Amino acid sequence: MWRIWRCRLSFLFATGCLLGALTAGLGSQMSDSVGRNVQAPAGVADASQEAGDVVEERTERTEEQAFALGPPRRHSSESLFPRNASVTARRRRNRRIALIATAVGVAVILAAVYVLRRRRAQRPQDPEPPAPRSVEDPEVLPEEDEASSSLPPPPPPSPPPPPPVEDPLSPESQTVDLSCLSGTTVRFFGPSHHFGGFTPLYDPAPDKRVATVDAGANALFIGGGGLNGQFAKTLLEEAEKHGIRLTPEELSQHSQRIQQSLLRRAVKSPGKLVELDTGVASPVFARSFGFVPVVPGLMWEESEVGPNVGVTFVHILKPEVTPYGNLNNNVMMYTVAPSGAAPDKTYSLAYKTTIAGVIGAAAAYNDTPAGQQYPVQGLRLPLLGGGIFRRNRSLESIGRANAEGTSLAITRYGPNFELQYMYDPSNAALHGLQEAESTYLASMLD
């Protein structure tokens with residue numbers, strides 16, 4: 001910094017000196033030029049000798065007048081050159097300008113010398129390095145790398161978009177604790193604002209991990225109509241959102257192939273959960289499990305109740321097809337209910353086996369390492385067999401079979417889940433459980 005100031009002051013000093021010299025020379029040159037520009041009268045400038053004689057004659061006259069008596073005789077330069085008033089005024093003005101310019105040059109030089117001396121007297125000293133801060137100083141923080149300090153901080157991650165919200169459930173839904181189910185909490189949904197009051201398969205923001213049960217087909221595929229078709233629609237919509245190319249036919253064939261493979265494994269170990277790692281080969285299932293409480297067709301004729309009745313599958317959905325992207329919605333269950341055309345005793349046995357398969361499969365999954373870490377806490381299910389499988393069977397009889405099968409399954413596998421029944425205009429499940437609760441309480445009084 002001092003070097004820069006010294007260079008600036010040296011340049012100012014030199015400029016002042018040059019300006020003073022130029023202004024002084026300019027004044028002298030202007031005076032001379034004025035003298036040269038004055039023209040002598042005609043006859044005088046042509047003969048320098050005659051001009052000299054005139055001067056000598058004037059000198060002699062002056063001496064004579066000095067010693068002569070009487071008043072002195074006035075004379076002027078008019079005897080040599082006639083006086084010009086404009087030339088005289090111009091000469092005086094130029095002399096003033098020359099004097100002023102000279103004074104300005106001298107002032108600039110003096111100012112430069114004064115500033116130079118003042119700067120030299122106040123020359124700053126190099127600052128001393130700051131003393132190192134104590135380690136005990138609470139404000140001492142670790143220094144950041146130069147590379148990281150030069151870069152701007154990364155922008156905060158944008159918040160995730162809010163999940164789409166479905167129509168709220170009806171306030172008519174109710175929750176009860178039933179003693180006949182060992183205190184299991186049962187929730188009955190009222191009609192929603194969907195067409196026909198249909199209960200959504202999954203909630204946008206569930207407070208627990210709920211597995212929704214699909215009332216599947218005897219051929220073990222996902223698709224078609226009813227609740228099975230609704231599951232296919234949900235999976236296909238989620239896949240499309242994430243750029244997964246999947247057609248209804250491909251989903252139907254893929255799910256059928258996986259579930260048939262699981263069934264072949266499950267019938268070899270009744271009452272045990274079997275697993276099939278589908279993460280690589282499946283576009284929708286990360287892991288899949290199969291469970292049968294008894295071998296299908298062993299205790300009844302499949303020609304009466306239908307094939308594959310009582311088998312249950314548990315599918316862990318991949319994040320790309322999980323409804324609303326919420327991990328509490330990544331469990332799907334699949335079962336096959338008996339045909340309502342079967343005889344009453346056969347139907348009752350097959351129906352109880354189906355309910356036992358659903359609750360038993362969920363309980364067995366919770367016993368696995370993955371289930372222990374992240375267990376299923378609720379089952380959302382329809383009135384199984386109350387759709388196209390009902391045939392001529394009354395809904396009341398289906399409701400009673402559901403209550404009996406649920407009570408037996410909870411007694412066997414434990415009250416580990418909240419049961420959530422989808423909306424049913426007939427309230428057959430509710431009435432069947434209320435009847436079972438009354439019978440149970442009456443038996444406790446005896």
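Each residue, glycine too, has its Cβ placed from N, Cα and C.
Quick caveat, the model's predicted, so the values are computed rather than measured.
Copied over from Swiss-Prot:
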SIGNAL    1-20  signal peptide
TOPO_DOM  21-96  topological domain 'Vacuolar'
REGION    43-87  region 'Disordered'
COMPBIAS  55-64  compositional bias 'Basic and acidic residues'
TRANSMEM  97-117  transmembrane segment
TOPO_DOM  118-446  topological domain 'Cytoplasmic'
REGION    120-176  region 'Disordered'
COMPBIAS  137-147  compositional bias 'Acidic residues'
COMPBIAS  151-166  compositional bias 'Pro residues'
REGION    431-446  region 'Necessary but not sufficient for host membrane association (HMA)'
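Residues of the same chain lying 6 or more positions beyond the ends of the region 'Necessary but not sufficient for host membrane association (HMA)' (431-446) and with a Cβ under 8 Å from any Cβ of it are 178-181, 186, 396, 398-404, 406-407. For the topological domain 'Cytoplasmic' (118-446), the model gives a mean pLDDT of 87. Counting residues of the region 'Necessary but not sufficient for host membrane association (HMA)' (431-446) by DSSP class, helix then strand then coil, yields 15 helix, 0 strand, 1 coil.
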